[in-house]
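Asker: Got a structure here, written out as structure tokens. Questions coming.
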Amino acid sequence: MVPLARKTLVHEWRRFLPSALAVAFSGLLLLVQAALVFGIFNSSAVYIRKSGGELWLGYPGTQSIELGRPIPQQAEIAALMDPAVGRVEPFNWIDGDWRGPADKGGVSVFVSGIDTRADALMFADALTPAQRALLDEPDGVIVDRADLAKLGLSVGGQAVINGHRVRIVGVGSGLRALGGVNIVTSLATSRRLDNGDSGGRVAYYVVKLHDGADAAAARKRLQPQGQARTFEVWTRDAFARRAVTYWMFETGAGLGVVLLAIVVFVVGALITSQTLMGAVAGSIREYATLHALGVGFAQLRHVVLKQAAWVGAFGLVVGGVATALVVLLAHRRDVPVQLDLVTIAVCATLVMGIALLSGLAAVRALRHADPALLLR
Amino acid sequence: MNAALVADALSKSFTTGAVRTDVLRDLSIEIAAGELTLVSGPSGCGKSTLLAILSGLLRPDGGRAFALGQDLARLRPAELERFRLHHTGFVFQGFNLFPALSALEQVMLPLGYLGLDDAIARRRAADALAEVGLGSRLQLKPAELSGGEKQRVAIARALAKEPQLLFADEPTSALDAANGQIVIDTLHRIARTHGATVLCVSHDPRLVGHADRVLAMEDGRILADRRTGAPMPA
């Protein structure tokens, strides 16, 4: 069988290029948007995912980590009494007002007070033992290197949080989150910065269970019952999901993403179908001749759909490569981006959908492939 | 019914706006196999419409059209497509070749839809191209061929299907005298050597001498029907 669809594509590539680029661009937009959205929204869970431990104890109903409120110390005691619990580590979370160099004004910051021991749970995957040790210096803080410019300081620089002087003793990466600059410090320093407002209470306790313990069962045991709950218990994954869901849906951003994806899909399909229709119209006399020779419409449709599929595949590859470059660039610039296989598969399906839907629209142009037109 | 093509009291009219034009008026004719029949006449006389109806591309308003004994009006669209695929070849005024395909591929293309495997299709296509004198130009694309060569590729495309019916609509009007001569001779030879029924429609007076039979048409009717005794082309 003569590969008419492919040969025509190669020979008249200029004609098909706009549709392939439209598909590629749609793919790029869909993928980059997804990468950014998942990157940004997952950064709301980054503190949870980059830490050890299986259970989190926090203020009842807390929807995302930055919304934490102090909880009573009895939560820690309750946890320690459970046979499955190996360790309980306090994690303090307070809001702060950062005053650095005069030209940067005030910056809202979140202060994380963590255990500085080498084997501590908080930020187990984000900070090295050496970085933790730096926080043992009183009033020492670590910031994400991407936030240095915003704060107008470098390592060794001094600033004031909530009226207390602090010094940047180091930088980390992957510490950025939504809503403000994150400052990591020791538990002791964070208590000083809190001005005693919390009465020594912390916002979270992170629980490490004994090896092999059932996290779900332990959560159930620890979860206080009744109306007057003073804290709530989540598994690590559940708490991370809660944070992502909060940002994705409660803020309306998720809906925005879906709407934008629809717009990209429709615009991509419109441009692609118009170009494919033009390509069909350009060969209409040849198609009509084939039809006169007895080649059915179904088979002609097949040729057009094949072309659409090739255009889609080409667009997918170009869009994929472009996305990879953008993601690489974003990583270098510490812009939070994240793509998983499911997202890529969904975007790829959408992109092929754009191409094939456009092909179906272009097939309609074949109606004009009436051999009688060749006889006039 | 021995004739390959039979028109029985065909009528057809077209309506443009409020104007109704009768293109065919109660036209009856029988066309025999193995010869080249030329329908000539001024443009608008209905000759292309006659060809379209006899080849199953168009349905008449009245009367019946038989091709190879088959009443075309009784065939459903899919059956009509299958009938054309297996029994008919077409040559049009415009050559209508795919710009992306070589001469060989143009001719192979319909054969693929006939279900022939590639090797057989390739051999048949090469034979057909050799028969129209293009045996050495198999790999050239339309842009590299002259007008006459393109039309010969189009004839080879129709011929390779080994059709019993070959329809040609103004096959020479885009060609110069020499190429027109080659094309009509080729069509004539196909009728004689393949036993095909070749129905050619043209207003080109140069063709009259090359046809076995000439039907002169005007205003939707056949005015004259004569045999020319044209010699077998060399």
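Glycine is no exception: its Cβ is also placed from the backbone N, Cα and C atoms.
From a predicted model like this one, the values you see are computed outputs, not experimental measurements.
The domain 'MacB-like periplasmic core' feature in TrEMBL is assigned to A:21-223. The domain 'ABC3 transporter permease C-terminal' annotation in TrEMBL covers A:259-371. Under the heading transmembrane segment, TrEMBL lists A:20-41, A:246-271, A:308-329, A:341-366.
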Asker: Residues sitting near the transmembrane segment (A:246-271): Cβ under 8 Å, six or more positions beyond its termini, same chain?
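Answerer: For the transmembrane segment (A:246-271), the far contacts come to 18-19, 22-23, 25-26, 29-30, 33-34, 37, 40-41, 44, 63-64, 178, 350-351, 353-354, 357-358, 361.
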Asker: Under an 8 Å Cβ to Cβ limit, what residues of the same chain, 6 or more beyond the ends of the transmembrane segment (A:341-366), are close to it?
Answerer: 19, 23, 26-27, 30-31, 34-35, 38, 261, 265, 268-269, 272-273, 275-277, 279-281, 284, 287, 297, 300-301, 304-305, 307-309, 311-313, 315-316, 319-320
Asker: Excluding the flanking five residues on each side, which residues at least 6 beyond the ends of the transmembrane segment (A:308-329) place their CB within less than 8 Å of a CB in that stretch?
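Answerer: The answer is 5-6, 9, 16, 19-28, 31-32, 35, 272, 276, 337, 339, 348, 351-352, 354-356, 358-360, 362.
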Asker: Per DSSP, what is the residue tally for the domain 'ABC3 transporter permease C-terminal' (A:259-371) in helix, strand and coil?
Answerer: 98 helix, 0 strand, 15 coil
Asker: On average, what pLDDT score does this prediction assign to the domain 'MacB-like periplasmic core' (A:21-223)?
Answerer: 88
